[in-house]
Each structure stands twice: as C-alpha cells, then as structure tokens.
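Asks: Just passing along the structure, written as structure tokens.
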C-alpha cells in the first residue's frame with residue numbers, strides 16, 4: 001500500500017507511512033482531502049499537500065462529467081424501504097443511496113424507530129438491489145450497517161423485535177450492525193471517519209446512521225460566542241458523511257433535534273438544529289410529528305427532485321407500518 005502512494009510527487013516511504021497512519025490509504029482519499037487536512041500530518045507542508053492532492057486527482061481522473069455520464073451514475077442508486085408504503089411513495093421508492101437523509105422532530109416523533117427499522121430492512125436484500133441490473137443475489141455479501149449512537153437510544157432487543165415482525169432472524173441483523181457510542185463531537189466525528197477503514201477491511205457497509213446528528217455539538221458549543229466554531233465543525237462532519245455516501249454508494253441517515261421557532265405565526269413552530277450548514281448538506285429533509293395514538297406524520301420539505309409531500313405511518317410492536 002505504501003509503495004502505491006510513493007507514486008505521488010514528494011512522497012517517499014516515510015511520508016507514505018504517515019499518510020496511511022492518518023487514514024489516507026489510497027489516491028481517492030488524498031484527492032478528496034483538503035490542504036489543511038494533509039498539513040495536520042507531521043512533516044507535510046502546504047506546498048507538498050497541494051502537489052499531492054493535484055497529482056491524486058489526476059490519477060483518479062476527477063473532473064467534469066457529461067450529463068449522460070451522471071445519468072448513468074444515477075442508475076447505480078439503490079433504495080431502502082422504511083417499512084411504510086406511504087413513506088416509500090413520498091420518496092419515489094425508498095431512501096436513496098449516494099445521499100444524506102435527515103429526519104428531524106421532537107422526542108417521541110419516531111426518529112430512532114425509523115433508524116432501527118432501516119437496520120432490519122437492510123438485511124432484506126431483495127429490496128435493496130432489485131433495481132440493479134446484472135446482480136445475482138446469491139453472490140452478494142451481506143450488507144452491513146453502522147449505527148453511531150450519541151444519545152444512548154440504540155436498543156438491540158427492539159431490533160430483534162422488529163426483525164421478528166418482518167420474518168427475518170434478529171441475530172443476523174445484529175451480527176451485521178456495527179454500533180458505536182459517541183459521548184462527544186470528537187468521538188462522533190472520529191467514528192464517522194473510521195467507517196472507511198471498515199469498508200477497506202472487507203465490510204460491505206451500505207447504511208450509516210447518526211442518531212442524533214447535533215446533540216453532542218449542541219451540548220458542547222453553547223452560546224452565540226461558540227456558534228461559528230460549532231458550525232464549522234459540523235460542516236466538516238457533514239462533508240465526511242456526504243463523501244461516504246457518494247464514494248461507496250451507501251445510504252446515510254441522520255436524526256436531528258428541533259428548537260422552538262418563536263417568530264412562526266403559522267405552520268410548524270419548530271426548526272431543525274444546525275442551520276444552513278445542515279440544510280445545504282442534507283439531500284432529503286423530513287420533519288416528523290406525532291399524531292393520534294401510534295400514528296406519526298412525515299413531511300418531506302426539501303429534496304433536489306421530489307415535491308413537498310406528507311406520509312402517515314404507524315409505530316407498532318412489529319415496527320414501522322402503514
């Protein structure tokens with residue numbers, strides 16, 4: 001691996017080892033890095049970092065693509081069911097890969113339940129790869145999920161309960177779900193960055209969940225004086241998640257807390273935390289709210305190609321249902 005990196009200008013065996021130690025295992029990782037990220041590695045100057053990045057981009061053939069090429073790339077997108085037909089209709093078939101989808105809402109609105117359900121549905125592989133041509137299901141590796149839990153709400157017993165409701169083995173779902181408990185924003189960001197190591201280690205990671213995205217940032221960066229620092233850090237985190245979704249054709253799901261919106265005279269009186277940083281980085285944005293009994297309402301209010309729409313779903317013992 002180190003021998004490959006030495007093809008870059010100014011990279012000898014020693015620098016290659018440092019790059020690998022820093023998580024830069026291939027040209028693509030370097031090509032999509034920033035100069036600031038590479039200069040964090042001891043012994044790499046800004047000038048050297050710039051040369052490495054440009055050379056890596058040339059080797060990866062990064063640049064402009066035609067609309068036809070992008071359309072072909074879009075054909076590799078796969079979709080994952082939430083368990084609700086109505087919600088699937090709103091999403092034109094399910095949650096898309098190569099994107100970050102946000103579910104925001106008050107406590108009890110169903111955010112974590114949807115996250116648990118997608119871990120279960122990920123193992124129903126015929127739903128995942130049904131739209132991909134030339135794929136033989138028997139040849140597929142078991143898809144795996146990564147669940148970064150920042151609020152201590154992941155419950156393996158609930159996953160088993162949902163799996164049984166779907167008619168699949170709960171132990172299989174848990175075996176194929178990596179869980180990490182993040183107690184602060186640094187841990188949260190580190191776990192997200194380590195996902196690439198899992199993939200390169202042979203794990204077929206197809207689903208990444210952050211539950212919740214902003215809670216650690218919100219707790220650590222209090223007051224207006226720290227708002228800019230919080231947003232910069234959150235922006236870097238979102239960039240990591242978008243890169244994972246794009247490079248590895250996986251789904252990234254994030255839940256988000258809400259805050260009161262005192263100047264709202266009509267419509268929803270809450271807004272998702274994270275401001276424009278999260279708003280611009282998330283591909284699809286949902287707002288969840290409680291309804292009567294076990295019913296919940298999911299409103300899609302931001303998407304690059306789908307209209308605003310609502311879906312009603314239920315949270316039952318078996319999981320997410322219509």
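Placed from the backbone N, Cα and C atoms, the Cβ positions cover glycine too.
Sharing the features that Swiss-Prot gives for it:
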- 105, 106, 107, 108, 109, 110, 111, 112: ATP binding site (BINDING)
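I would like each feature placed in context: is it buried or exposed, what are its neighbours, and how far apart are things?
Replies: Neighbour count (other Cβ atoms within 10 Å of the Cβ, all protein chains): 25 for residue 111 (ATP binding site).
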Asks: Whose Cβ lies within 8 Å of the mean position of the Cβ atoms of 105, 106, 107, 108, 109, 110, 111, 112, the ATP site, other than those residues?
Replies: 113, 255, 288, 290, 296
Asks: Neighbour count, 10 Å Cβ-Cβ cut-off, for residue 105 (ATP binding site): what number do you get?
Replies: 25
Asks: Please report the DSSP secondary structure of residue 109 (ATP binding site), reduced to three states.
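Replies: Once the DSSP labels are grouped into three classes, residue 109 (ATP binding site) ends up as coil.
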Asks: For residue 112 (ATP binding site), what is the tally of other C-beta atoms lying within 10 angstroms of its C-beta?
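Replies: Excluding its own Cβ, the number within 10 Å is 21.
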Asks: Taking every protein chain shown into account, which of the binding-site residues 108, 110 has the largest tally of Cβ atoms within 10 Å of its Cβ?
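Replies: Comparing the binding-site residues 108, 110, the most crowded Cβ belongs to 110.
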Asks: List the same-chain residues at least 6 positions away in sequence whose Cβ sits under 8 Å from the Cβ of residue 109 (ATP binding site), in sequence order, or say none.
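Replies: The answer is 288, 289, 290, 296.
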Asks: If you draw a 10 Å sphere on the Cβ of residue 106 (ATP binding site), how many other Cβ atoms land inside?
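Replies: Around the Cβ of residue 106 (ATP binding site), 13 other Cβ atoms lie within 10 Å.
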